[in-house]
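Marked as region 'Disordered' by TrEMBL: 1-27, 41-85, 106-208. Annotated compositional bias 'Polar residues' per TrEMBL: 1-18, in sequence order. What TrEMBL records for 108-124 is compositional bias 'Basic and acidic residues'. According to TrEMBL, the feature compositional bias 'Acidic residues' maps to 178-202. What TrEMBL lists as domain 'MYST-type HAT' is 239-510. Under the heading active site, proton donor/acceptor, TrEMBL lists 415.
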């Protein structure tokens with residue numbers, strides 16, 4: 001450590017949280033930067049240059065060296081030695097999708113640094129007993145099986161730590177020394193016997209280093225992920241640390257937002273190259289170029305069920321196109337924090353939206369839908385790729401999902417919880433459709449009729465009306481009242497609408513599956 005001392009716990013009084021101590025400029029070095037400190041970081045701007053932003057350091061690591069990373073050529077500048085250590089930072093007052101790994105050269109040490117707050121001392125409990133959530137006590141010498149939440153945290157922590165390790169030439173990892181295939185372990189996230197290990201380095205190892213971790217059988221794991229529409233049992237933990245920086249998708253270069261379980265050897269590349277038609281991923285432009293000479297796919301591998309102008313929708317069965325759907329889910333996980341799928345794609349149908357040009361049908365976004373949903377969801381996961389956002393495509397995806405529900409004769413709702421951007425998009429769509437129907441109706445219209453004509457569930461209609469304060473009590477009954485603000489917002493939205501779904505262009509019948517086709521698993 002440097003010359004600056006760590007903050008002491010002096011001055012704490014009572015149960016009040018102590019104020020963080022601040023290290024003045026010039027009194028600390030990069031070696032003093034530890035997880036928990038808040039320091040100013042140079043954040044690049046889109047138009048060039050940078051700005052100084054306060055950020056919290058969440059983790060540190062030696063700079064990993066990927067086997068596929070390009071080597072600096074002659075005459076090129078050598079790497080800054082300060083970048084030998086990388087820091088995972090969260091910009092204060094910014095969304096966590098902007099979290100990133102930065103080198104030490106981007107940390108600004110000539111400004112003050114805030115030390116982490118000292119941890120409060122835990123309250124003393126009776127000796128010999130550990131209170132549990134169920135009200136009982138766990139005797140000493142025995143290990144609690146843990147709550148489901150703790151088990152999920154253990155799995156996420158282990159998965160994130162495994163993906164964070166990149167193979168370094170000339171050095172054997174612990175996994176290689178034990179004879180386990182690292183590619184399969186990181187890609188599939190499961191053991192050889194088909195059970196998923198739930199291990200926590202803090203509690204399990206501390207209490208009994210030789211104890212075997214708790215196990216979920218493969219059948220239980222598949223059933224849990226199938227019914228939840230999620231690729232992981234822990235949404236917040238595993239997506240905390242990103243493992244990819246940038247993606248090259250066709251002619252577009254985009255930044256990854258969240259963790260995605262790509263193989264570990266691809267985790268520390270400056271850029272991951274993805275074929276925009278088959279979604280296969282490659283570590284270098286040379287390999288992608290060689291692949292493109294052999295790849296004959298020019299559209300998603302499914303049935304085209306809608307075409308209007310240059311916009312098309314393709315229906316893809318996850319059971320028939322497993323590799324393509326898994327690649328799609330890996331890509332979407334880079335931009336979704338909550339829900340997506342990875343290996344268990346059989347229970348879902350995928351509806352992919354494309355835009356056609358002279359080179360083929362380029363993927364814009366997609367939504368997945370359970371083949372058999374007990375809750376009546378018409379969308380399990382929905383995404384517009386970042387390079388195509390803010391163009392009105394998200395609303396087209398939502399509108400198309402409700403057109404399918406109308407053909408099925410059902411009311412539909414997206415699977416919860418929605419992401420922050422997803423909730424905003426759905427609220428805007430619900431508001432527009434409800435207001436549009438009310439303005440077109442000359443006679444009185446009931447809540448049931450609104451739901452029947454829009455395929456929106458009663459709960460989503462009530463949620464939208466209450467959020468916009470449209471529910472009023474008048475002459476002994478509740479009515480829907482359109483305020484001036486709601487009408488003004490509706491007019492602005494209609495003026496910006498570029499694309500709408502033409503129901504006559506939809507050529508689709510609801511697929512019917514046999515019991516054998518609904519038997520999911522490996």
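Including glycine, each Cβ sits where the backbone N, Cα and C put it.
Small disclaimer: the values here were computed from a predicted structure and weren't measured.
Using DSSP to sort the residues of the compositional bias 'Basic and acidic residues' (108-124) gives these counts of helix, strand and coil: 0 helix, 3 strand, 14 coil. All chains included, 21 other C-beta atoms sit within 10 angstroms of the C-beta of residue 415 (active site, proton donor/acceptor).
Per DSSP, the region 'Disordered' (41-85) is made up of 4 helix, 18 strand, 23 coil.
A coil conformation is recorded for residue 415 (active site, proton donor/acceptor) in the three-state DSSP classification, outside any helix or strand.
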